[in-house]
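Written below as structure tokens is the structure these notes are about.
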């Protein structure tokens, strides 16, 4: 029985089974074909496409002659196992996409056993490091390994900050006025919204104006951050870190943006310079010194230092307190006092010498340290004094010891001693006078007089 072949045209698509493209006619050589209606041809094509265990492909029939069979496309596993090098991994969003032979493949199509795990780990690690973190293979937790710096960061925070603020372009005078007007409108809208003076129909417009004012304020701030850095450089080396000076200057810049009046005709940088300087100098007065000095006194100290440097250049020598007092219109005693306030404390652990093997504290005398010779003399004096008191009666020795604090170092009054012995203060005074007369006798006093010399 002959197998019928549907009629084909140059643009038609024909299903095939297995490696064959078109079925042949019977062995008898009959080549008759039956013309089937279009609906019958579609049904036959659909039924043949669903039958059989082998995958089927579609191929356009050749205009003349027999169509050539197309080699089936290899699977992902076959490509990986064949050792081809045209395999790459690429990060798209949060996923890693596998590309084989220039074609993206779903990870569901890949056999896990076909992977070269070492190469895959290497490629994936490189992708992740470009994003600012790396994956550690040391354990099975697969947790991100923390790095010191983020992507694009350097070891110098000042350099990173300057690079960041340098991305914002500087403003000209017209742009500053435009931003100032937007800020003013935003402040008015904020005030109106706070006081609930806005009609419901205008509420959305006022909120938009307020948001636009805040954006303009941020723009004016970011465009002038480099001005703060240039001014902060003048105050380095005075007890505060450079980044701390920049931060304090930024606070002054914020104040300048809030107070700027564009109707005066000045550039914003001219006005903001004074607010930035004031913020930095106030912060230095409060934080730079170990012992805080009031701000007004810091201003006097700075003024005295400026005059002293100027007179040193003019005179070629250090000016005297009298010369400084005449220049500053104050007394010489006041100049000396201000100079004393302006002294910076020095740490006792400051290294000295070229090698730094000694400290400043090693050269300072301890005034409270006990001298060995004096300690020995004091011990001998106590022993001799107790020997002399042993020649007196118990009451006389007790009264003298409590009266002069020989026992605990705290002298007691006559009333306190009288309460101890149950007598009046007058009686204690008499006992004291009598005992002192006995102690002045040469037989007792001569031993003690040697320690007075």
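The count begins at 1 with the first shown residue.
Backbone N, Cα and C define each Cβ position, glycine as well.
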Listed range which TrEMBL flags as motif 'Interaction with polymerase core subunit RpoC', given the options 240-243, 244-247, 248-251: 244-247
The DNA-binding region (414-433): DSSP-derived helix, strand, coil residue counts: 17 helix, 0 strand, 3 coil
Residues of the parent chain within Cβ reach of the domain 'RNA polymerase sigma-70' (244-257), under 8 Å, 6 or more residues beyond its termini: 161, 183, 217, 220-221, 224-225, 227-229, 231-232, 235-236, 268, 271-272, 274-280, 282-284, 287
Residues in the domain 'RNA polymerase sigma-70' (244-257) grouped by DSSP into helix, strand and remaining coil: 14 helix, 0 strand, 0 coil
